[in-house]
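Heads up, the thing below is written out as structure tokens.
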Amino acid sequence: PFVCQGRSARLPSAVQLPVSTLESQAPEPLNTMAPNSIHWFRKGLRLHDNPALREAVRGAGTVRCVYFLDPWFAGSSNVGVNRWRFLLQCLEDLDASLRKLNSRLFVIRGQPANVFPRLFKEWKISRLTFEYDSEPFGKERDAAIKKLAMEAGVEVIVKISHTLYDLDKIIELNGGQPPLTYKRFQTLISRLDPPEMPVETLSDALMGGCVTPVSEDHGEKYGVPSLEELGFDTEGLPSAVWPGGETEALTRIERHLERKAWVANFERPRMNANSLLASPTGLSPYLRFGCLSCRLFYFKLTDLYRKVKKNSSPPLSLYGQLLWREFFYTAATNNPRFDKMEGNPICVRIPWDKNPEALAKWAEAKTGFPWIDAIMTQLRQEGWIHHLARHAVACFLTRGDLWISWEEGMKVFEELLLDADWSVNAGSWMWLSCSSFFQQFFHCYCPVGFGRRTDPNGDFIRRYLPVLRGFPAKYIYDPWNAPESVQAAAKCIIGVHYPKPMVHHAEASRLNIERMKQIYQQLSRYRGLGLLASVPSTNGNGNGGMMAYSPGEQQSGTNSNNSHLPGVSGSSVATGNGSGSILFNFDNEEQTGPRSVGQQQQQRLHTLPQSQHQQQHAGYHSVPDASQNITSSRLYHEFAVPQHPGLFLHTRGSGITGKRERESEREALGEEEPASCSVNKMQRQSAEVSPQSAEELATSFSSQDFLSEPEPEPERSGRLMQQQQQIFNVFWSKQGFLNFQTYFKVCSQSSREPGEGL
Amino acid sequence: MKRGRSALNSKCPIFPYHEKPGKRHKPSFALSPPTDWGNLPYHIVLQIFQHLSLVDRARASSVCRCWNDVFHMPDLWRRFEFELNQPATSYLRSTHPDLIQQIIKKHAQHLQYVSFKVDSSRESAEAACDILSQLVNCTIKTLGLISTARSSFMDVSQAHFVSALTVVFVNSKSLSSIKIDDTPVDDPSLKVLVANNSDTLKLLKMSSCPHVSPAGILCVADQCHGLRELALNYHLLSDELLLALSSEKHVHLEHLRIDVVSENPGQTHFHTIKRSSWEALLRHSPKVNIVMYFFLYEEEFDPFFCEETPVTHLYFGRAVSKEMLGRIGLNCPRLVELVVCANGLNPLDEELIRIAKRCKSLTAIGLGECEVTCSGFVEFVKMCGGRLTQLSIMEDVLIPDNSYNMEQLHSEVSKHLGRLWFPDMMPTW
């Protein structure tokens, strides 16, 4: 991600530009009681819907908007020139907008922790405001700054506006753990109040009597630097395909909505050759830098949908792009190792190959597969690629062809991709490499066929790989198969002017699918021959769907009336909840069974963390979050979900629960499952019945590849394998809630374990 | 444990005396002669050790002589997985060389279930071969050579590999399971295998072993009558092989896995297997699972499934033609699982509905880059109903039509399945 401040805070003290020359003769406000504020920009580079900025000017005498740039970091970072340019354009746009309000942006050279104390003193600051950063290193950095500010007697106000929701609330609703499947996430979201409305754009009226003291030499000291000043060679740099800035973002969102209104189709657009190209309605980089408020986008979409669809309530799928982003932010917020395989509790350990040469070929668009190389060229030149193009290159690098770690690909995207947020980037890479989130792995994008289906003509290839321009469409995706005469006519000999394919795709995908199967079979303790069943799922759905451990699902599961499928947006819409609200009413899924205990407990569990939450933030949030007041009574009633694992027991054998359970149920009834090996079935079943038994763990591990193991030995599986299996237990066990905690305990214990001695 | 440890540390090992009398211990325990952690009966320590990882056992073994003795008991060394990785090519650690030496010296004769996991470097594969060639005093039952990344055994010189492998074949005369996919094993080494282990061999996995010929595998099938599971590439599959596996002397075959891979489009000619050979196999082993993985170009599918084929699991790793899927509906009545990674741009409605109609055992289906209309898909699910235990369909596969949009589709499909169902989603980012 673009982690200018976050990273620099960890780096050794950087070269400091002279900040000591800060103007000390700044005009003091007449009313000494009116606070002097600093608003600290990081993401959220906008004046619209910026609640923290609003707090900065509220009743203040002076306000200064600062952005920290570490020039030393700029040179050494692995952030590419496109991302730097986008950032600088955002800052210029901010400065221009602030000028219209007789203010300016202060770009400060240095690191926040070093510079803030001086700023506080010299500007006589009593209030610091900034947008909440949910990412682990951001939280760490902000905690340090808060401490520093409080010591200096500066009040700190933090506001959530980079995400739609308070992520901690989503996690709390899920029993204290982040949801690990997108479906589960959607379910949780559908039970939350809608996001808060965007706040008013900063204006003269809002500024009121608040002024910004600006010195003569502001440009010199605090101006937005140029790319050259940051040490980038800009000669021959083509103009930006994605110009940065809030103004551009607001133009784009209007165009985006106009097009949607014109198409009047809110389904996910199907991909075609055109969708591969940068679109003037694309928004993702603007959301990433916060030039565009996700809440503004959310509500504009909602309004448009209501207008076009005559007031029917929008399905969650309308907000797909925003919710995916939110999902990965939620998954990452408490996981500092979210971008790593090792030590990351939600990441499956896959024995990826270390192969720097192959990695370089991929990153530098020299794989010999035109489809992959064209995408990587577009990424490097423009900073954006279509999401299916991301899937294609990510699959190729990892589980599809090269078997190289997703972490390496993530780093390349971090350098080149304008919208690569730390959480979203890492999360998507884990998803695409099937390293987490319980994704089916059977489908690998073919580096030849996928492109051909999307753009049969190959215009995309010709645009980004001019060397292949002369090839006819028939061969443009696999030019190595073209006869020599065709290559000669195209003035491009494969192996001379353009590389030969670096892997044999059929062979590589055969090996890799086998490897993924092995890994997932070990984890899921599944012994059968099926490929699909290797990935655990509790509703027979490949994407992991509903997790057995989730309290809400258990409750839904007891409802055997299939025509009413509660818990997710789509079905709620389908069952005709015409309230016009995206907050779905769950009253009709209230349990008939004894639930009072569960509800009481639920109340307690919900109340407790919330009050803790408030206590924690006292001092930072001078203005209490309005939503906390509204929710209380409704939350407890509507979200009455049992937290005690004991209550899950009665859901066994219900109609909607997982396939595995259904299977054992059927077996118990003596029905024969056709054409399935009885030995395998027994192994599976026993593994399911007592997932915690050490012997079971051992058996499954050791006999992983031998379908008929003669005599299982009681050997304990490796520690790491245990860890991974713990993840899966969460999904399979009826007491998942407990297991999840056990699992985290196991992980934290073993990570403290010293290096193996043998 | 805390009590125990303090007892050991204080070198006053008789721990009942350290207890307040009669608090938690059964009287019988107190009556037994003074017990020391180090004097626990071997079988009890052994049982405890069986629950510990190797690292923990190794640590415990340095506590006292008794525990050290138990550490070396054969029971604990029956199974071992050698992990051989190079720092340059893998993120994973290797089995420590000292441990390897210790096993070869002290425990080789105890090993029964041995596997080697090697990374993509030739060095690792060679190291595995070196260990193999030292396993002379062994009675190995299960041997697995597993490449965790690229198939590095193929980089080892064939002579080196074959001589290492035959050491095990010759010395361990009771091999029952062998997994040697992606290795340079050849016909002569298989002959050695057969000569020494024909009575015990039950499982042989040797997908993508280019040096084995149809005659080589036929020799295994002819001699090893206990063979129940076999994995190989299609070019090794012959009518003779199927007939050999169906001979009276042969046990029932349980699993047959066949990989069909083509190197370059149009260059590989695929033979056909006679219907009568499949029928013979099925008569002999009515419950056999036949798994086929296809990695072919679209135009290469012609020889397959033109006649009834008793395949149970089908995986198409690359684009497969509509015609081929149509033939599957006609000629694969035993089909249990079907996975199609990609297909052309024409909806597969008809083909799926035919499969639903004819393949009565179908319980699992996965679709990647294909197209099916929502109505067609609902029809398919309705025909299959609740027996579809695995239904993994990428979101983009389903084309909304006049009858169903995505929201309606998911509730309709859920209704027919009797459980919540959603298409597989991919992040839009």
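Placement of Cβ uses the backbone N, Cα and C atoms for every residue, glycine included.
Features of the protein shown, as given by TrEMBL:
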- A:35-164: domain 'Photolyase/cryptochrome alpha/beta' (DOMAIN)
- A:Gln321, A:Leu322, A:Leu323, A:Trp324, A:Arg325, A:Glu326, A:Phe327, A:Phe328, A:Asp419, A:Ala420, A:Asp421: FAD binding site (BINDING)
- A:Trp352: site 'Electron transfer via tryptophanyl radical' (SITE)
- A:Trp406: site 'Electron transfer via tryptophanyl radical' (SITE)
- A:Trp429: site 'Electron transfer via tryptophanyl radical' (SITE)
- A:540-626: region 'Disordered' (REGION)
- A:651-719: region 'Disordered' (REGION)
- A:658-669: compositional bias 'Basic and acidic residues' (COMPBIAS)
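Locations of recorded TrEMBL features on the structure.
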residue  : record                                            : Cβ within 10 Å
A:Gln321 : FAD binding site                                  : 19
A:Leu323 : FAD binding site                                  : 23
A:Arg325 : FAD binding site                                  : 27
A:Phe327 : FAD binding site                                  : 29
A:Trp352 : site 'Electron transfer via tryptophanyl radical' : 28
A:Trp406 : site 'Electron transfer via tryptophanyl radical' : 27
A:Asp419 : FAD binding site                                  : 25
A:Asp421 : FAD binding site                                  : 26
A:Trp429 : site 'Electron transfer via tryptophanyl radical' : 27
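Those recorded positions from A:Gln321, A:Trp352, A:Trp429 lying by chain B, with Cβ under 8 Å from one of its Cβ atoms, are A:Gln321, A:Trp352. Under DSSP, residues within the domain 'Photolyase/cryptochrome alpha/beta' (A:35-164) fall into helix, strand and coil as 60 helix, 29 strand, 41 coil. Take the Cα of A:Gln321 (FAD binding site) and measure to each of the recorded sites A:Trp352, A:Trp406, A:Trp429: the nearest one is A:Trp429. Note on the domain 'Photolyase/cryptochrome alpha/beta' (A:35-164): its mean pLDDT in the predicted model is 93. Closest to A:Phe327 (FAD binding site) in space, going by CA atoms and restricting to the recorded sites A:Trp352, A:Trp406, A:Trp429, is A:Trp429. In this structure the alpha carbons, written CA, of A:Trp352 (site 'Electron transfer via tryptophanyl radical') and A:Asp421 (FAD binding site) are 24 Å apart. A straight line from the CA of A:Trp406 (site 'Electron transfer via tryptophanyl radical') to the CA of A:Asp421 (FAD binding site) spans 15 Å. The full span of the recorded FAD binding residues, A:Gln321, A:Leu322, A:Leu323, A:Trp324, A:Arg325, A:Glu326, A:Phe327, A:Phe328, A:Asp419, A:Ala420, A:Asp421, taken as their largest Cα to Cα distance, is 16 Å. Geometry remark: A:Asp421 (FAD binding site) versus A:Trp429 (site 'Electron transfer via tryptophanyl radical'), CA distance 12 Å.
With respect to their backbone Cα atoms, A:Arg325 (FAD binding site) and A:Trp429 (site 'Electron transfer via tryptophanyl radical') stand 13 Å from each other.
The two recorded residues A:Leu323 (FAD binding site) and A:Trp429 (site 'Electron transfer via tryptophanyl radical') have their Cα atoms spaced 17 Å from each other. Under DSSP, A:Trp429 (site 'Electron transfer via tryptophanyl radical') is assigned to a helix (H, G or I) in the three-state scheme. Between the C-alpha atoms of A:Trp429 (site 'Electron transfer via tryptophanyl radical') and A:Asp419 (FAD binding site), the distance comes to 14 Å.
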